[in-house]
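Look at TrEMBL and you will find 7-205 tagged as domain 'Peptidase C14 caspase'. What TrEMBL lists as domain 'NB-ARC' is 278-436. Sequence annotations record features per position, and here TrEMBL assigns repeat 'TPR' to 687-720, 813-846, 855-888, 897-930, 939-972.
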Amino acid sequence: MAMSRDALVVGINKYERFNPLNAPGGDAEAVAQRLEQYGEFKVTRLPGVKDKQNNRIRVGQKTNVKLSQLRNAIIQLFKPKGKSVPDTALLYFSGHGLRQDLGVEEGFLASSDVNPEGENWGLSLQWLRRLLLTSEVRQQIVILDCCYSGEVLNVAEADPGEGGKARDRSFIAASREFEVAYEGIDGSHSAFTAALLEALEPKSERWVTNYTLVERLHQISSEFPQRWICSNSGEPINLTRCLTPLIPKSETLQPELAASPHNLKHSGVIEFVGRAEVLENLHQQLQQTERIAICAVAGMGGVGKTELALQYALHHQKQGTYPGGLCWILAGESVVGTQIVSFARTQLDLQLPDGLELTEQVAYCWRHWRRGDVLFIFDDVRNYRQIKPYLPPAESRFKVLITTRRQNLGASFERIHLDVLTEAAAIELLVSLIGQERIEAEPEQVKRLCQDLGYLPLGLELVGRYLQRKPDLSLEKMCQRLRLTHRSLNNPDPDMTAQLGVEAAFELSWQELSQDAQTLACFLSLFALAPIPWKWVEQCCSDEDVEELEDIRDDELVNRSLLERVDKESYQLHQLIREFLKGKVKELTEADELKQRFCQGMVAAAKQIPWTPTKDDIVIATPMIPHLAEAATNQQDWLSHEDLTKPFVGLGRFYQGQGLYKQALPWFEQCLSATRERLGDDHPHVAKSLNNLAELYLLQGRYGEAEPLYLQALELTKRLLGDNHLFVATSLSNLALLYSLQGRYDETESLYLQALELYGRLLGDNHPFMATSLGNLAELYELQGRYSEAEPLHLQALELNKRWLGDDHPDVAASLNILANLYRSQGRYSEAEPLFLQALELRKRLLGDDHPDVATSLNNLALLYDFQGRYDEAEPLYLQALELRKRLLEDDHPFVATSLNNLGNLYSSQERYDEAELLHQQALELRKRLLGDDHPDVASSLNNLAGLYSSQGRYEKAEPLFLQALELYKRLLGDDHPDVASSLNNLAELYSSQGRYDEAEPLFVQALE
């Protein structure tokens, strides 16, 4: 009597919350046809769909299988209702497998509707074990092609009870209970199912039993990247044998009959982006014909080396580029030679003689390899010794593609460095995973997400798949959650090509480093996420041998793709590697020592930034700025009390010296806050921090905010250091400069004189600080119209600066500029012009075109030309100065008001009255708002606007403005100031124009006196 033989074949491609699969449906259909054709099984397909071409039921490729359907079908197989129990029942499943800790670790077969967040994990393998133990089916076969499937083998360990002891069982799984399944693809099938189909195909009329099947599977999988798990118990179970075909041959298994034998694994990517140029370059390098072509794709962990190699191989397998075969070898998993021999046996049907050593077996394979070009992919090669004995002979038909983290694997190899994705490609990858709609909804957040992940393909794919499973999670929240240890970066989906998370991928490289290399890597992670000038690493590690440091850097960190050379003597860590290494720093016993060493190096760098940095100084300092910021913010606790302010001040100088006052402000503010917090309010560093912040406010034109800080700094310095201290002189000088800019000349002079006396007593008369003090006092005298007193001071200051600083220095340019101003005020135009030109040329060359001091020089030269009536030369200079000041200082600054005022005067002289009036009104409003009503510059604006009205014959508007200006000048500058004389003269001219000669005459007389 014929035995009844039932089979349930399940292949699930489609998943609602996981990425779809490509192979399971085809795998299941192929197994079903094999069982029907050679095994006389009655096969139920799930999901089953009708093939319209031949009216047969086939496994659906795009149909969902719910958990209830899967469970009911398995129950019907092993515990059928309403019909007799079969003698033999076979279950084949291909799809996703899951594993979850529900008190105990448990495996699941994933149905299409699995939803871990909803506690639906799929069909429990423990449930399946219990079902099998209580089933009355005498011959039970379970074959699982999914992750974590080995748990079903634990049936063999369970107590079957008396009724279950007389059972013949065969359990075959693609993976152990704790591991994901190897997804290699053979044609259109997974590696496991391809081997299963081959083993099930009978060679004769003798039965293939569960025992011979397992034996054949072991032969095929010999030294395979992953061993399949098999268990047989009881009597043999007949599976397949040669029979008269049950269905026509044309309708049987239809895999892609590739001309090229291969063992390529399955690619889990949905869309491969951003690598077209690299793929083309790779192909060109592999097509060399004069010798064996060996190309190594090198890059950091997670950058996509394996995926690139796989995509290249899959494409050219379809193209038939390598008819001799495509052999994928996992260099890090087992002996390379055994994998080559295994490929030759299973894929080329090569029968090797007995008794050969491994190297002899490989040599035999080379001699008898299939004709045509052959591609060998050695994946994840960690050192050349792994593969050297097993490389193909020097024949041009053999092509070798290597993926490695080593940048210098072999001198004779062509090397392609694989970098991270561009921003556009990174976004394209995320679009393929989460859709265009979510990307367009948060365009800035997606850019930030890509940036935070360092455009690393593995990180992007992991986070993209995580977001795919969480449709309600915004990208903004994802950015907030993101860190290296977040689950999204460390739980790869089963169908991904990469089976390690980001942290685990980096850990592999970390474990290969020597202790010295690990320490250096951790030290480098203390630097900011920016290029690191190597000279500063050497500076920080001055007690280390320079050559040894270089060797560790090049041979271990750079070679293993943990550190990238980005420019000459400049290196950088990827942000995720840096985060990984920062975690390792916490494990080091010498962590505090490394941080202190880093901070000491940054203090040395900060000290090299002068208060008035030139363009050359800026170029030198720029690479260190992000690292100074790192020391000032994240490593502040490891700065000594004495050095606490240095990184902050260096950063402030860097930006302030370029006129970038907004960027300088937070560093001076943080400096004051940090010193107060650590050192208390009564400390010299606090006084200096107050002074520095006040100086910045002064440069910004925020005079009202600067004064109380200067006063606090002066009081604190005197109290802590005494009256006879250098910093007291500096504080006095700075406060005097503020009062001068505020027009408070009477208070200014005494402060300048005190500062000058202190500098002279403490430093001597020939010190650069004396030059600054002399120049400031001279400028005050010029503002007061005391030209004869001002000139010798200006000349002394210029001579001192040149002697100490040389001719090419910003302070020399400043001295030239203020001396030229004096000559212009005296009407000595021919002497003033060459000095203005020298100052302008110096400032442009030393400071660059975009600098506030350049704007000042342009304005002053324009003013000279204006006074000379050279209006065509003056106007473009005024306009340049105004544009620069607005851009660098912003609209609300006293210097902007000065430029508006001067340009208004020029237009008034050219009788462009409408343009002039608007500028004068703007200048007056700005000056009143910024400087207050009682300021010489306000008097100047009133006087100039009145002059404009007088020129237009608008006398009734002009007179009150002239009177206000005259009153202000007298009160602020005194009766004997040139501006008072000029104001008297202007008012007299007005009265004369009106025919009010009796009123005009005494004013003319006063002006002349």
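We number each residue from 1, going along the chain as drawn.
The backbone N, Cα and C atoms fix where each Cβ goes, glycine too.
Just so you know, TrEMBL annotations never went through curation; they're auto-generated.
Since we're looking at a predicted model, the values are computed, not measured.
Long-range contacts of the repeat 'TPR' (813-846) within the same chain: residues 614-616, 771, 775, 778-779, 782, 787, 790-791, 794-795, 797-798, 801, 853-854, 856-858, 860-861, 863-864, 867-868, 978, each at least 6 residues beyond the stretch ends and with a Cβ under 8 Å from a Cβ of the stretch. Secondary structure by DSSP for the repeat 'TPR' (813-846): 31 helix, 0 strand, 3 coil. Residues 743, 745, 897, 901, 904-905, 908, 911, 913, 916-917, 920-921, 923-924, 927, 979-980, 982-984, 986-987, 989-990, 993-994 of the same chain lie 6 or more positions beyond the ends of the repeat 'TPR' (939-972) yet place their CB under 8 Å from a CB of it. When pLDDT is averaged over the domain 'Peptidase C14 caspase' (7-205), the result is 84.
Look at the repeat 'TPR' (897-930): DSSP puts its residues at 31 helix, 0 strand, 3 coil.
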